[in-house]
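I have placed the structure first, in the form of structure tokens, so that the comments after it can refer back to it.
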């Protein structure tokens, strides 16, 4: 009986089966555990195509590619390395204000009294900047509400000729200060500039004195003025309106100074190591009051203004 059972049962041929598996698995040159799940290639291709077609931005710090939708949702902060990317002036002000009630200074237009020409005429540079930014000048001024507070706020757009300060920027800032003074509401300025606009010569340098005088009138009247230093702030803007606030906030790692780092190194003949001229360096040396992450900036500004304006029941810690 045992012999019959042995005869009728067939022992598995291990060699033949393994050969068969190997042959089946290698139809596409892969072993069985390397074969892709059916349909996954099509899914990945569709996802990659969607990413490639959606407008994206490369982080200047970690070089990650971020979709513009994700970047806007995250307030232009890189989700991978927390680097603060630039924001346009209008985006920044609309982000700050809960309700925009109006805009100031649109009637001012730049003139070219010097007929200044460098590699191209000044009017041509202005036209290019206006086309690039869809703005008429480097400073935008809005007024409205930050929660329950009426405020006037302005922001530099670094994309517009490096956020340089010319006569129109000075006119708009002075008008913002006068509006804040007349309504007795706080003024908040987001600074991002390379300095005075060389194409306007002495007219641009004169704006340093004009803006400083306007800020002094606010100080005498007891109207709060807060400056937020973003990346970068240099030159005549640093030497005037950007350093005359009642409170100075700065975004992380923002470059802030008068002359550039390389200019200083050539003058003193020394190598200046990081974090020289960074916001954190200035905080350590008492130049700025606080370095604030962009995600906490609105809450911080509101708490400070609420304290300065004596708004009750606000935690200012």
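Glycine residues also receive a Cβ, built from the backbone N, Cα and C atoms like all the rest.
Taken from Swiss-Prot as is:
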- 59, 62, 78, 81: Zn(2+) binding site (BINDING)
- 55-317: domain 'CoA carboxyltransferase N-terminal' (DOMAIN)
- 1-28: region 'Disordered' (REGION)
- 59-81: zinc finger (ZN_FING)
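Positions of Swiss-Prot features highlighted on the structure.
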residue: 59; record: Zn(2+) binding site; Cβ neighbours (10 Å): 18
residue: 62; record: Zn(2+) binding site; Cβ neighbours (10 Å): 12
residue: 78; record: Zn(2+) binding site; Cβ neighbours (10 Å): 21
residue: 81; record: Zn(2+) binding site; Cβ neighbours (10 Å): 12
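The DSSP breakdown of the zinc finger (59-81) into helical (H, G, I), extended (E, B) and coil residues amounts to 6 helix, 4 strand, 13 coil.
Neighbours of the Zn(2+) site: apart from 59, 62, 78, 81, residues of the same chain with C-beta atoms within 8 angstroms of the site's C-beta centroid are 60, 61, 63, 64, 66, 79, 80, 82, 83.
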